[in-house]
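Per TrEMBL, the features are:
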- A:12, A:13, A:14, A:15, A:16, A:17, A:18, A:19: ATP binding site (BINDING)
- A:5-184: domain 'Guanylate kinase-like' (DOMAIN)
């Protein structure tokens with residue numbers, strides 16, 4: 001069966017717990033997954049390490065990466081650029097690791113257009129009330145920020161139907177198992193096993209030749 | 001999440017063990033799956049029961065089912081017709097059961113054209129040598145029949161790439177788990193959960209209205 005890794009894009013409502021989900025997935029199956037590291041022009045915050053949290057580059061370096069087509073996708077927020085370098089993702093996939101990309105819906109859909117083999121997962125809480133409770137429960141933002149997040153959530157929701165999978169994050173552990181099983185089953189997709197199919201047809205034909 | 005059953009079409013090389021696989025799946029999860037019952041114009045063999053092994057009908061009744069568009073697919077072998085009645089399949093899917101259809105590749109691809117929500121699974125042994133050993137090992141057919149089966153296998157293999165999933169039946173138990181997990185994950189496909197998506201967007205909007 002196919003030994004190439006799968007590109008997995010995880011998005012979800014703010015408050016849906018996708019960060020924790022991805023972290024748990026990495027902790028539980030460190031040999032199976034690799035988390036894509038973004039490249040950014042923003043300065044490192046205290047404790048952030050180059051090649052661990054982000055690849056930190058200058059505006060010029062980032063522009064060069066764009067012009068050399070070295071990014072899977074990129075976006076600008078305020079004055080800073082954020083992008084996904086191809087090199088790291090492809091290397092890990094070649095090693096047989098499934099690469100997780102945690103990006104927003106617009107970026108995700110752009111990636112899917114270019115890489116149709118990628119799978120898009122959308123993480124949602126069991127219902128909107130639960131989402132509200134989680135956001136308010138954090139207690140770190142005022143109501144205004146929470147409402148802004150919600151608005152964003154509503155806009156984002158318009159794109160979910162273009163995703164491959166919708167995953168409900170009710171209990172974290174169940175959700176991690178579900179996502180792991182979805183990604184692992186992707187390896188059984190027929191289009192990812194064209195070489196295997198060719199091989200078995202060839203073998204069948206060879207045996208036939210020998211018998212007639 | 002979606003409560004409608006999924007239509008699952010299982011095909012595979014003769015000798016791949018798909019019959020045993022389907023039987024095991026039904027035994028292990030009797031509440032989750034329903035096996036589609038075919039309708040045929042051939043006479044019942046000893047011990048075969050109407051509504052259990054097949055629905056046995058006359059040529060006229062079968063022709064009427066065709067003209068009334070009551071069959072998902074049908075085919076003729078020698079002088080007999082075989083088909084899949086829509087009614088039984090849809091009833092079971094409405095009850096939330098995933099319906100298994102064990103049919104040949106040509107019929108399977110025809111069904112997929114009409115019902116794109118159906119998933120196609122192709123069962124293969126780990127390699128062609130293993131397939132040969134299983135067929136020869138049965139000891140019930142002469143070499144000529146075995147070779148015919150092989151030829152058929154080679155022809156069939158040409159269509160596998162149009163299937164959704166390729167499942168290797170190495171150890172039966174593992175294969176049953178794999179197939180079960182593939183089918184159950186299908187329920188998480190975003191396109192099967194449009195109602196759920198609509199509901200959560202509506203809920204989000206309602207909460208937003210209340211907060212502003």
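Using N, Cα and C of the backbone, Cβ positions are placed for all residues, glycine too.
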Candidate with the highest Cβ count within 10 Å, taken from the binding-site residues A:12, A:17, A:19: A:12
Sparsest-packed among the binding-site residues, when each Cβ's other Cβ atoms within 10 Å are tallied, from A:13, A:14, A:15, A:16, A:18: A:14
CB-centroid shell, 8 A cutoff, ATP site A:12, A:13, A:14, A:15, A:16, A:17, A:18, A:19, site residues removed: A:123, A:125, A:169
